[in-house]
Amino acid sequence: MGCDRNCGLVTGAVIGAVLALFGGILMPVGDMLIEKTIKKESVLEEGTIAFKNWVKAGANVYRQFWIFDVQNPEEVAVNSSKIKVKQRGPYTYRVRYLAKDIISQDSKTHTVSFQRPKGAIFEPSLSVGTENDTFTVLNLAVAATPHLYPSTFVQIILNVFIKNSNSFMFQKRTLKELLWGYKDPFLSSVPYSIPTTVGVFYPYNNTADGVYKVFNGKDDISKVARIDTYKGKKHLSYWPSYCGMINGTDGATFPPFIEKNRVLQFFSADICRSFYAVFGAEINLKGIPVYRFVLPSRIFASPLQNPDNHCFCTEKIISKGCTLYGVLDISKCKEGKPVYISLPHFLHASPEIAELIEGLSPNEEEHSTYLDVEPITGFTLQFAQRMQINILVKPAKNIVALKDLKHNYLVPILWLNEEANESLCTSYIRTIINIDLQNEDLICFIFAKYTL
């Protein structure tokens with residue numbers, strides 16, 4: 001006898017009940033299996049997926065540069081006028097393409113040590129010009145002289161070499177020279193044994209950063225990739241108190257199972273300090289739900305706005321007694337050179353900071369820093385780390401190139417954006433948990449479920 005409508009309804013109800021029962025059983029089991037897999041594959045040891053991607057980045061990482069070309073160098077040097085700049089860029093290099101080396105595991109402390117080789121390859125197709133493009137920029141050696149040699153007697157002597165080498169407050173340099181180094185004529189004329197090569201990032205190519213020692217997560221997955229020591233130290237001497245602590249990871253990955261209320265901490269060797277990011281939004285990145293964490297403006301706030309920053313205020317000139325905000329003096333970790341870090345175009349900085357600079361247009365979308373983190377694995381799938389490099393120039397009556405200045409200038413040299421993009425959901429799932437792609441829709445659904 002055939003099954004009538006009532007029979008169909010009963011059959012459907014039974015099947016639904018069975019599916020609901022098995023669903024109630026299988027979902028927790030699936031959750032446990034995924035959690036177990038993630039914990040296993042997130043450990044930084046030979047044979048795991050995390051280790052393979054950690055040793056060498058799977059995605060291309062690019063560093064873009066925008067140079068501030070000075071339009072009125074003579075007016076500034078002679079009349080102490082406002083500096084007019086024109087941004088030119090991007091000029092793009094591929095970085096972080098070299099695998100970590102000198103990797104050493106310590107089974108007793110559950111740590112792994114390594115160095116990060118540095119290299120930069122110019123990408124013409126992603127750039128507006130060539131490495132031979134020329135810019136009018138600050139003379140780095142001349143500007144640093146009053147800071148490195150405060151003695152009047154020494155300045156008078158060095159002024160002779162500055163004049164004889166025809167060195168001025170500003171100079172023309174190619175992109176390649178400005179970034180990676182050039183023989184400075186003033187320094188080369190000094191008859192003493194001093195470094196003569198100058199560049200914003202000199203030395204860079206064929207050097208290495210580290211040694212880092214990070215936790216591998218073998219005993220505690222919540223500590224994976226967190227930095228234990230940097231160059232053998234847990235605390236940097238450049239900053240007093242807790243400001244010198246080396247916190248978090250290097251930003252490429254974080255411990256898995258991230259929640260929105262977590263504060264992500266990461267360390268930047270280039271800037272010689274630790275930073276933190278807070279949850280900003282949920283983003284769908286090519287089918288993968290990710291959390292976007294952003295650098296809050298409080299990071300560069302003055303101690304009046306954020307008392308936690310009191311130990312980062314180590315100078316009184318630009319900050320006007322630690323009352324202004326938006327810049328960070330990192331000269332102590334740059335061998336005394338007057339280097340200041342800010343967000344591009346002095347985003348989130350006190351208006352007084354940029355009052356002597358014309359041509360800047362800060363905006364949140366182009367100049368803020370963010371990390372898009374997949375919350376289950378803790379992997380950073382996409383990021384944009386942006387910063388601006390500035391040099392403090394102050395009047396110096398004993399140095400002819402600086403004697404007519406009437407103001408302290410914080411001169412922007414360039415700003416950069418280091419970014420990376422990750423692959424599609426199917427490729428990501430294949431890499432992370434190695435499940436048959438026939439189930440890719442189900443897996444994406446499960447991953448989405450974890451991020452709710």
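Placement of Cβ uses the backbone N, Cα and C atoms for every residue, glycine included.
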Record TrEMBL, residue CYS272, disulfide partner from CYS313, CYS322, CYS333, CYS425: CYS333
Choosing among CYS243, CYS322, which residue does TrEMBL name as bonded to CYS313 by a disulfide? CYS322
Provide, as an integer number of angstrom, the distance between the C-alpha atoms of CYS311 (disulfide bond) and CYS333 (disulfide bond). 15
I'm trying to understand the geometry here, so how far is the Cα atom of CYS313 (disulfide bond) from the Cα atom of CYS243 (disulfide bond), in Å to the nearest whole number? 10
Cα-Cα, CYS322 (disulfide bond) versus CYS243 (disulfide bond), nearest Å, comes out at 15
What are the non-local neighbours of CYS272 (disulfide bond), defined as same-chain residues 6+ apart in sequence with CB under 8 A from its CB? LEU236, TYR238, ILE330, LYS332, CYS333, LYS334
Under 8 Å between C-beta atoms and at least six apart in sequence, can you list the same-chain neighbours of CYS243 (disulfide bond), or say none if there are none? ARG273, ASN309, CYS311, PHE312
Of all the disulfide-bonded residues given, CYS311, CYS333, which has the fewest Cβ neighbours within 10 Å once its own Cβ is left out? CYS311
Would you count the other CB atoms within 10 A of the CB of CYS313 (disulfide bond), including those on all shown protein chains? 20
